[in-house]
Amino acid sequence: MVPRVWSLMRFLIKGSVAGGAIYLVYDQDPLGPSDKSQAALQKAEEVVPPAVYQFSQYVCEQTGLKIPQLPAPPKFNFHIRDYWNSGVIKVMSALSVAPSKAREYSKEGWEYLKERTK
C-alpha cells in the first residue's frame with residue numbers, strides 16, 4: 001500500500017512541477033521576442049532570490065537545520081538575450097534535423113551490420 005501511495009505522490013509532484021513550468025512558459029513567453037525574454041529574465045532575477053531566502057528560512061524554522069547563506073548571484077556583463085536566442089535557434093534546428101539524422105544513422109548501422117554478417 002505504501003509503495004503505491006509513494007508512487008502516486010511522486011507522480012503528482014512531478015506533474016505539478018511540469019504543469020507549473022508549462023504555465024510559466026506560456027504566461028511569461030520567454031521563447032518569444034527578445035524584449036519579452038529580457039523582461040522575464042529581469043523579473044526572475046528580482047523575484048527568485050527573495051523567494052529562495054524565504055523558503056530556506058521556513059525550512060530552518062520547521063526542521064531546526066541551519067542553512068548557510070548563499071552567495072550573491074553573479075552579474076552578467078553581456079546581453080544574455082543574444083545568447084539565449086542563439087541557443088534556442090540552435091536547439092530548434094537540431095530538433096528539426098533529428099529525424100533525418102536518425103534515419104541516416106540507422107541506415108548506416110544497418111549497412112554496417114549487413115557487411116559484418118556476410
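Cβ atoms are placed via backbone N, Cα and C, with glycine included.
Feature list (source: Swiss-Prot):
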type	residues	note
TOPO_DOM	1-7	topological domain 'Mitochondrial matrix'
TRANSMEM	8-26	transmembrane segment
TOPO_DOM	27-118	topological domain 'Mitochondrial intermembrane'
Work out, from DSSP, the number of helix, strand and coil residues along the topological domain 'Mitochondrial intermembrane' (27-118).
70 helix, 0 strand, 22 coil
Tally of DSSP helical, extended and coil residues in the topological domain 'Mitochondrial matrix' (1-7):
6 helix, 0 strand, 1 coil
On the 0 to 100 pLDDT scale, where does the topological domain 'Mitochondrial matrix' (1-7) sit on average?
79
